[in-house]
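Engineer: Here's a structure for you.
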Amino acid sequence: MEITNVTEYQAIAKQKLPKMVYDYYASGAEDEWTLKENRNAFSRILFRPRILIDVSKIDLTTTVLGFKISMPIMIAPTAMQKMAHPEGEYATARAASAAGTIMTLSSWSTSSVEEVASTGPGIRFFQLYVYKDRKVVEQLVRRAERAGFKAIALTVDTPRLGRREADIKNRFTLPPSLTLKNFEDLDLGTMDKTDDSGLASYVAGQTDQSLSWKDVKWLQTITKLPILVKGVLTAEDARLAVQYGAAGIIVSNHGARQLDYVPATIMALEEVVKAAQGRVPVFLDGGVRRGTDVFKALALGASGIFIGRPVVFSLAAEGEAGVRKVLQMLRDEFELTMALTGCRSLKEITRDHITTDWDHPRAVSRL
């Protein structure tokens, strides 16, 4: 049966993957209210399409931190991709490069920055957690720089790991054949390396709960790479991100895996965009499964979006070809949405192209 949309890959991944692995990728925190809301919230935004506009030529290209990409659809960091497919992050890197877009590599990846770089040319960002031992952070950043990565996506919503009950029930551990490759060959100080899944739990336990804005400044002293702050959901933190020198903001609730009952990212987006006042680009991460979702995010002021779970599910189903297909389907749907709303370039997508239930609460509730 031909796959015709991104969501269909999830059911295939569920069939193919061991329960522990599928649950790790699919689950959210606690009641999973935010997990569902990340998707549902998009359905509360409707289009105001403009007609009789010449849409015979549509330009999807954009620039992110000065890098030209083919479309405003990028790959979010997702951990341990070799659990999904033997080629893991290699396959994802090749698919992103073929699509002309950016891949963000998780620091908890099962392929190293050097291995990902070896797949060939491509614009890649490196996701970073800050560890208690800052020397480990410095070593990770240096490795990413040397491997040609172009930006750091600093995850700021994880002073502690959220409570993902599926992982607790399944007693999740990294399969013994895999390891967190970016931590191999690092000087991890006094660390006790019993085995590879021991490494995974050690690394998770080393994230620094004292992380604060001053550390964002410190990061700028050890690298010239631009820093995207990933995990902002409020205007207050958007203003602080700008003040502390972030090059961009990623509105993210960590795929609903950290604090449950935070808003869907699409609901938090406009507040953050307004607070940033155009001083830095704002990106959306979370819940995007359709080209219409991409358009809605851009209409609310996002400069681009990141996809996470669609990548690991399509990777599990069809490897590199699956990830390529997800990127192509989202691109095609987004281009069609632009045509049908009367937009020929990203700069023509405006707030007037959508209506939300917070603009006219009664109008939408009658639908």
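Cβ from N, Cα, C; glycine included.
As listed in TrEMBL for this protein:
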DOMAIN    1-359  domain 'FMN hydroxy acid dehydrogenase'
BINDING   Tyr24, Tyr129, Arg164, His254, Arg257  glyoxylate binding site
BINDING   77-79, Ser106, Gln127, Thr155, Lys230, Ser252, 285-289, 308-309  FMN binding site
ACT_SITE  His254  active site, proton acceptor
Engineer: So which of the binding-site residues is most packed in, judged by how many other Cβ atoms lie within 10 Å of its Cβ, out of Pro77, Gly287?
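Structural biologist: It comes out as Gly287.
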Engineer: Give me the Cα-Cα distance between Lys230 (FMN binding site) and Tyr129 (glyoxylate binding site), rounded to a whole Å.
Structural biologist: 10
Engineer: Looking only at C-alpha atoms, tell me how far Asp285 (FMN binding site) is from His254 (glyoxylate binding site), rounded to the nearest Å.
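Structural biologist: Cα-Cα distance, Asp285 (FMN binding site) to His254 (glyoxylate binding site): 8 Å.
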Engineer: Determine, to the nearest whole angstrom, how far the Cα atom of Tyr24 (glyoxylate binding site) is from the Cα atom of Gln127 (FMN binding site).
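Structural biologist: Tyr24 (glyoxylate binding site) and Gln127 (FMN binding site) have their Cα atoms 19 Å apart.
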Engineer: Quick one: give me the count of other CB atoms within 10 A of the CB of Ala79 (FMN binding site).
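Structural biologist: A 10 Å sphere around the Cβ of Ala79 (FMN binding site) contains 20 other Cβ atoms.
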Engineer: Check the binding-site residues Tyr24, Tyr129 for other C-beta atoms within 10 angstroms of each C-beta and report the one with the most.
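Structural biologist: Counting Cβ neighbours within 10 Å, the top one is Tyr24.
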